[in-house]
Each structure stands twice: as structure tokens, then as C-alpha cells.
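Novice: This is the feature table in TrEMBL:
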type     : residues : note
ACT_SITE : Asp136   : active site
ACT_SITE : Asp150   : active site
TRANSMEM : 21-42    : transmembrane segment
TRANSMEM : 77-95    : transmembrane segment
TRANSMEM : 102-120  : transmembrane segment
TRANSMEM : 140-166  : transmembrane segment
Amino acid sequence: MSENSLQGPTVISARSHRRFWWLWVGCAAFAYVCDQLTKWWVTSTMVEGQTTAVIPGVLQWYFIRNSGAAFSIGENFTWFFTIVMAVVATAIIVMSRKIGSAWWGVGLGLVLGGALGNLTDRLFRPPSFAMGHVVDFISFPNFAIFNMADMAVVGGVITICLLTLIGIPMNGVKAEAVSSEQNPAQAAEDNNND
């Protein structure tokens, strides 16, 4: 093997990683900006407790401040959720070095953007630093009230679960591909036997 053939896959891998990294960062930024802009819009055009019908009987904006987690779960544990969101965001940033799949970039980016959106509320909104209440406003009948960050987190988690179920690892290389790359003679023999 020549030195160039050994360096080729590494260069391609680094380029792919950079591409997926930008996708991950872009999805996180998109989710975060959408969340913060919609919350800014709600807090500047509505008063807390106000409802506005969007699609009567189906969808309304209902401005509340939530001290709990996503979908108003676990109120009175604001400090706990602040810590959890900070840990999740840190873990995703650390894991981002392993992203080798566009869909994993999308999934992790959505989770990160949503977590950072709600973490921003917890850190900087009243009543106090790290105890802030999250702005929620999207309301369907007989369902929790939520925001764009919650939607991003749920969408990202669903994407990650589907990728896991269909066997696409974060590095984007399926187990069969890895085993045939590690043992090309065995892969050739398997193909001849088919």
C-alpha cells in the first residue's frame, strides 16, 4: 500500500466530518433562533394567560410561563431541569466529534438547539438566574402547552431513535461495512460464496 492510499480515507473522513459538523451546527442554530424569536414575539405581543385562536378548536396560542420540563412536566423542579439541560447540551457538544451521518447531525442538532433554547429561558428569565420559567405558547385541545424548543427536542429524539432502530450508528458506518473493511479477504470470499 502506498502512503497516499493510507491518507486518502482519513482526508475524506475529515471532510465528511466537517460537512456533518456544519449540518449539526446549522440545525442547532436554526432550532435555537426559531425558539428564541417565537418566544420574543409571544412576550412582546401577548400578556401572560392570554389565548389567541389560530385554528379554532384545533390550535391556539396560550402564553404561560412554565417552571417544569417539556410539556409542563415536573413543575417546582426548575433547578434540576436547568442542570439536566446544561449536562445534555455539554454531552451533545462532546459527542459531535463522532458524527459521520447527516441524519445524526440533524437529530443531535435539533436536540441541542432545543435544549439551549429552554436553557436560555431558565438562566435569564424571571424569577431569577437558573430558576427562570420557560415561555410556552403552542396549545392543542387536551394536550400540554409547549414551545418550539420542545418540538425540536422531540423531533431530534425521534430521529435518533429511528436511526438507532434501523441500525445507522452515529459514525454513519453500518456494522457490515466495518467488518468487510476490516477483513477484505473474508468479504471477497463471502461474495464468491453467494
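Cβ coordinates come from backbone N, Cα and C, glycine included.
TrEMBL: automatically predicted annotations, no manual curation.
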Novice: Please name the residue among the active-site residues Asp136, Asp150 whose C-beta has the most neighbouring C-beta atoms within 10 angstroms.
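Specialist: The largest 10 Å Cβ neighbour count belongs to Asp136.
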Novice: Please report the Cα separation of Asp136 (active site) and Asp150 (active site) in Å, rounded to an integer.
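Specialist: Computed Cα spacing between Asp136 (active site) and Asp150 (active site) is 9 Å.
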Novice: Cβ under 8 Å to the transmembrane segment (102-120), counting only same-chain residues 6 or more beyond its ends: which ones?
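Specialist: Apart from its flanks, the transmembrane segment (102-120) reaches 20-21, 23-32, 35-36, 39, 70, 81-82, 85-86, 88-89, 92-93, 95-96, 134, 147-157, 159-160, 163, 168, 170, 172.
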